[in-house]
Ligand SMILES: Nc1ncnc2c1ncn2[C@@H]1O[C@H](COP(=O)(O)OP(=O)(O)O)[C@@H](O)[C@H]1O
Ligand SMILES: [Mg+2]
């Protein structure tokens, strides 16, 4: 029997179009810190505010990408991804606190102000090592990754899926919020960490530091996007999609779906941790509020609005919803929560594939 | 002959007091083809669920060679070399026909192996062969979700072939197929048997006759009769509960 050759088709025009959109978004963002240096009266001048706020959005976009990997591809609807983001942020915050050194209000050579205030005699053991940048960066990835590993292992092997899994992830972030509010945890209680001075020898309150952090975030976004693009393009990515749509059927093909989901969940949590770590030095503070369940739900809405299951959709969703939020919270602050809720309902009912689905519909 | 012997004895499955399987016994030798018939609700699908780890038997022995299948999960059983075509075809709608077959292709199944996976010549050739065999060559790069019911049946059969299992469990393969397709399926299964053990559940007696193999008749979760198609068709108990209705 002679078999015909089945060549792999080239990526569709829609896919190429979406990648082009991503490229344009990145290039436009990359000009922001440069245009910020133009004179104020130039039409191309980008304000300090826009640079700093878009730096935050880039971190949100990384969080959205990570959530999309878990939800859009592997079908794990996490309502607790904000916790991974916050843990990455706290790990970075601990590094920044250690770098303050004797410049704190109490002038203690080692202990951060809140520890002096609470009467600590020495640094708790889990703060050791955080004075090294490399160690702190490792923890930015490992702490969220380990939490995802343990939680995921417990849930996936017991075949907890769907709504139950979502509720557990939501409970996780809520529990962490309550824990981090406690002073005796050693993470600064409800005040969290702030008054950061420097990072990698760079004073944080300068334009150069802001631009550096902005570019570090942008490079991370591109890196995470390319990583996800590669991952979802492999057979592993197709196994994830298959698990999302019919997990039981995948088991009967001999795939241990627990390990596949775990792998994606851990990678996703690490990405979220990285996003949090980039976020904290830009906003200058991290406190337990970052664990609030609402944050995780907002992240789900970004992905839903942009279009889950497409990487570009997650990024577009993060930028557009946060753009709307920034505008609305100054124009009509009371309205925001209603708009957010309405947006979610509207997207679920009328735009199940999100903004990207709209673009795809146009292209056809 | 490679492959293992499938052995079920005293298998019962009870759902909320209802006995879907009742003290069932079945032996399928390596390389054997076996047809299983029986009225709706006789427990044919449940029997396959028990063999593939989907349902745990309430009591009884289920072994494949020396291995106790009642202690293994679905993925491990599949990796032992037991493939299944479901009664209701479930293919991955968001993937193409080609990708569905690639996913089923026998290869290391772990996440890292899948990340590093590269479809080499032999695998590609195998996919091409099976795509031709199931008549979906010109649909290879279409999404499985847009296939017709009959084509999904074919794709499921193709996915089972890709796994190259020692034992194939085929649940109602020709439901929704035309006469020509039914005949093609019978030939395909006959060709497979010998290299693999095959258990086929089917209602269509002409189809079963075309398979020309030993027939097991199930009724109310238990074995009613076993033998050639002529033997069971003339068995008075079978005539009473099934054929004679
Ligand atoms: N998960 C289940 N829960 C309760 N009853 C079931 C379940 N699965 C099958 N049954 C019952 O077991 C009996 C046998 O079903 P099945 O094995 O599908 O029969 P067949 O495939 O021979 O038509 C049917 O009466 C069915 O309703
Ligand atoms: Mg059945």
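Glycine is no exception: its Cβ is also placed from the backbone N, Cα and C atoms.
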Among ranges A:243-261, A:262-280, whichever one TrEMBL labels transmembrane segment: A:262-280
Taking A:163-181, A:182-200 as the choices, which stretch does TrEMBL tie to transmembrane segment? A:163-181
Do you know which of A:281-298, A:335-352 TrEMBL annotates as transmembrane segment? A:335-352
Taking pairs 6 or more apart in sequence, does the count of Cβ pairs under 8 Å between the transmembrane segment (A:73-93) and the transmembrane segment (A:300-323) hit 3 or more? yes
Checking A:16-37, A:133-156, A:163-181, A:212-231 against the transmembrane segment (A:262-280) for Cβ pairs under 8 Å, the most are found for A:133-156
Are there residues at least 6 beyond the ends of the transmembrane segment (A:133-156) whose Cβ is under 8 Å from a Cβ of it, and what are they? 83-85, 87-88, 90-92, 94-95, 165, 168-169, 172, 200, 257-258, 261-262, 265-266, 268-270, 272-274, 276-277
